[in-house]
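For reference, the structure is listed below as structure tokens.
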Amino acid sequence: MAKALQGVMAALLTPFDHQQQLDSESLRRLVRFNIGQGIDGLYVGGSTGEAFVQSLAEREQVLEIVAEEAKGKITLIAHVGTVSTAESQQLASAAKRYGFDAVSAVTPFYYPFSFEEHCDHYRAIIDSADGLPMVVYNIPALSGVKLTLDQINTLVTLPGVSALKQTSGDLFQMEQIRRAHPDLVLYNGYDEIFASGLLAGADGGIGSTYNIMGWRYQGIVQALREGDVAKAQRLQTECNKVIDLLIKTGVFRGLKTVLHYMDVVSVPLCRKPLAPVDEKYLPALKALAQQLMEEKA
């Protein structure tokens, strides 16, 4: 079953309205837009989805809406991670109920948990997911949890774990993980090194910028399948030009602004305390949206 999880998975954004409430209609349009651009699946409720500034009820509502739009059409992975094991279990149960294909969880953070506590946290979530495969989410830059290679090797061999989302620039470690676990589904997490991650052994990727240019990442996959490394590098360079701009604007708010100009997202706002895009970047983001729409067409 784990091999069905391979591919290009957009880390789904969560649209909000001017009152900072969930914009369900924009969310539905965004799901349909992603399906239309040919991505293999959605990773719902993660960092890109601003999960950690949402209530548990809101996170469940997002899962429900996404399932209504996409279940059976593409692979659906629910990120259910929180600092609380009980809350993560509740979200895992919801993911199972709504028909998701897998669950994922970031390592619990903020408190200095022992490694055995991390393992127990994952075991509990896996139990509540009732048969859904687990995607361990390693993102040390945001979680503050610096797992060693030995600890990663232990986590990915827990019963019920089928995949790892490796959001790290350490490509040597990516290759070490692949060598140690040839059957593990391994996702590259940093969009700017997607092609390099595939060459280091990743099966696919989970990324935020796939929301606006998923076809480019699919093109990188296809180029490498055909042995055309030069084409993969060219496509990665084009992606990275976009990422350069988004880093300046703030990635999530920049993506929402581009999608607003594409008529996908009604309001290009993140949830506070994240601020709106600086107006000086709006012309560049509008031009990017136009460029991508023409390219997609």
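Glycine too: its Cβ is placed from the backbone N, Cα and C atoms.
Feature annotations, reproduced from Swiss-Prot:
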- Ser47, Thr48, Thr167, Gly189, Asp191, Glu192, Ser208: aceneuramate binding site (BINDING)
- Tyr137: active site, proton donor (ACT_SITE)
- Lys165: active site, schiff-base intermediate with substrate (ACT_SITE)
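Positions of the features from Swiss-Prot, shown on the structure.
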| residue | record | DSSP (3 states) |
| --- | --- | --- |
| Ser47 | aceneuramate binding site | coil |
| Tyr137 | active site, proton donor | strand |
| Lys165 | active site, schiff-base intermediate with substrate | strand |
| Gly189 | aceneuramate binding site | coil |
| Ser208 | aceneuramate binding site | coil |
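Sequence-distant contacts (6 or more apart, same chain, Cβ under 8 Å) of the residue listed as 'active site, proton donor' comprise Gly46, His79, Gly81, Ser104, Ala105, Val106, Thr107, Lys165, Thr167. A C-beta separation below 8 Å, combined with a sequence spacing of at least six in one chain, links Asp191 (aceneuramate binding site) to Gly205, Gly207, Ser208, Thr209, Tyr210, Tyr217, Cys239, Ile243. Other residues of the same chain near the aceneuramate site, with their Cβ within 8 Å of the Cβ centroid of Ser47, Thr48, Thr167, Gly189, Asp191, Glu192, Ser208, are Ala11, Tyr190, Ile206, Gly207, Thr209, Val251. Its Cβ placed at the centre, Lys165 (active site, schiff-base intermediate with substrate) has 28 other Cβ atoms within 10 Å. Of the residues the record lists as binding aceneuramate, namely Ser47, Thr48, Thr167, Gly189, Asp191, Glu192, Ser208, the two whose Cα atoms sit farthest apart are 16 Å from each other. Counting only residues at least six positions away in the same chain, the Cβ atoms of Ala11, Leu12, Leu13, Ser208, Asn211, Val251, Phe252, Leu255 sit under 8 Å from the Cβ of Thr48 (aceneuramate binding site). Counting every protein chain shown, 24 other Cβ atoms lie within 10 Å of the Cβ of Thr167 (aceneuramate binding site).
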